[in-house]
Amino acid sequence: MSSTAVVHGDDLMEPTLQSILSQKTLRWIFVGGKGGVGKTTTSCSLAIQLAKVRKSVLLISTDPAHNLSDAFGQKFGKEARLVDGYSNLSAMEIDPNGSIQDLLASGESQGDDPMAGLGMGNMMQDLAFSIPGVDEAMSFAEVLKQVKSLSYEVIVFDTAPTGHTLRFLQFPTVLEKALAKLSQLSSQFGPMLNSILGARGGLPGGQNIDELLQKMESLRETISEVNTQFKNPDMTTFVCVCIAEFLSLYETERMIQELTSYGIDTHAIVVNQLLFPKEGSGCEQCNARRKMQKKYLEQIEELYEDFNVVRMPLLVEEVRGKEKLEKFSEMLVHPYVPPQ
């Protein structure tokens, strides 16, 4: 964590996200924060700005609440689809907590799906997925496989509220545990299970336990490979979104420490919902709230002197629809100047 020295003049970090737009090597951008701080609005706005400077942008929501559809006023689902009014900005909504059963069920119907034929007897399913988080890890791996094959130049993740945000970093370990357990079972009971399953027609797709292990191994490799990219500051960065209140500041600090411990780059904080009452305003509530916000904003700027801290105003209307998002997104690159 940076020291809390006072920073002067030219040393101040630019209060915009321009550095992210200028960094052409970036492939993965995560936007995260506490619930209700304007995470989705920020990720949509950042994606809009990226679409101006990059060939192709994919915006993915991994938040089960799925607010992308609401933000753009357009229905998104598991498949990437173009956002209305853009030729190089697509969006999709996935649920990484979704059960692996959906993927398993697609086994027989989709011959070339990487997960095809993963179906197995209930006993094997229970054994394979008894390790906490393995279904989530495999769902996430499946999403990453799909995303990699789509070859977008940059991918923006609108993540679930903090707590779930960084779970994906533990997935390679989780899958390694599942693989170790399955390998052990396979060596002990493989021949017997294969003969039992063989007697009743085998696994869907005519596979055996070894092929199941190979599939899980390929998913683990996908996650491991992408995680290596996540830890490369040239390819990945994390944008923290917060509001100027104690709990949100505390959550942001916790998240930044966790990101640092995982070796993930973060150098930008967006502070949303700031009030700027006019000079001599008679609104007591506005002035009291501004005073409180000012205190926390000063703390943020002291704590994160080497971060780009972007100050965004509280608006009178909800930011929904293409036009309002575009207007909001401009403030990520051109600092908001409150009216005098």
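Cβ from N, Cα, C; glycine included.
Listed in Swiss-Prot for this protein:
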ACT_SITE  Asp63  active site
BINDING   Lys34, Gly35, Gly36, Val37, Gly38, Lys39, Thr40, Thr41, Glu245, Asn272  ATP binding site
BINDING   Cys283, Cys286  Zn(2+) binding site
Which one is it, among the recorded positions Asp63, Cys283, Cys286, that lies nearest to Gly36 (ATP binding site) by Cα separation? Asp63
Closest by Cα to Thr40 (ATP binding site), out of the recorded positions Asp63, Cys283, Cys286, is Asp63
Looking at the binding-site residues Cys283, Cys286, which sits with the largest number of other Cβ atoms within 10 Å of its Cβ? Cys286
Close in space but at least six residues away in sequence, with Cβ under 8 Å from that of Glu245 (ATP binding site), the same-chain residues are Met292, Gln293, Tyr296
Quick note, Cys286 (Zn(2+) binding site) and Gly38 (ATP binding site): C-alpha atoms separated, nearest Å, by 20
Using only the Cα atoms of Lys34, Gly35, Gly36, Val37, Gly38, Lys39, Thr40, Thr41, Glu245, Asn272, which the record gives as binding ATP, return the largest interatomic distance in Å, rounded to a whole number. 19
Taking Cα atoms as reference points, which of the recorded positions Lys34, Gly38, Asp63 is nearest to Cys283 (Zn(2+) binding site)? Gly38
Go through Lys34, Asp63, our recorded positions, and report the one whose Cβ sees the most other Cβ atoms within 10 Å. Asp63
The answer, for which of the binding-site residues Gly36, Gly38 has its Cβ ringed by the most other Cβ atoms inside 10 Å, is Gly38
